Ligand SMILES: O=C(CO)COP(=O)(O)O
């Protein structure tokens, strides 16, 4: 089923296994969404769920977070699941913060950990 609703999926390196597992477990729900993802995360989701359509943007450190932020600003992303690694410092930390800020400014549902991501999926499962 195609839907105009769009979900952005992103995971930091230490959370990519978690994201692949999350996507596999919620594949039928995610199939109802257009999916955009940062580059490496999108590759992992595709590998775990080959039948999902995933638009892969740049890798996070190369501007992927900013691309997703721009899509939020133009109203093209309706929900963000961003499995963040709070224990590793990153060169693109400012981009990560900017993305979280825009998701807050535009008041889109934003999950930053698996527990909240599970709740959002439960709310949208059918
Ligand atoms: O770094 C990221 C988010 O800040 C994610 O980028 P990748 O999915 O390309 O690893």
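The count begins at 1 with the first shown residue.
Backbone N, Cα and C define each Cβ position, glycine as well.
Bear in mind that TrEMBL entries carry predicted annotations, made automatically and left uncurated.
Of the residues proposed, 26, 92, the one TrEMBL records at the same substrate site as 12, 16, 38, 39, 40, 41, 59, 60 is 92. Within the set of binding-site residues (38, 40, 59), the lowest number of other Cβ atoms found within 10 Å of a Cβ is recorded at 59. Residue 92 (substrate binding site) falls within neither a helix nor a strand when secondary structure is assigned with DSSP, and so counts as coil. By neighbour count, meaning other C-beta atoms within 10 Å, the densest spot among the recorded positions 65, 92 is 65.
Listed in sequence order, 60, 83, 84, 85, 88, 90 are the same-chain residues at least 6 apart in sequence whose CB falls under 8 Å from the CB of residue 12 (substrate binding site).
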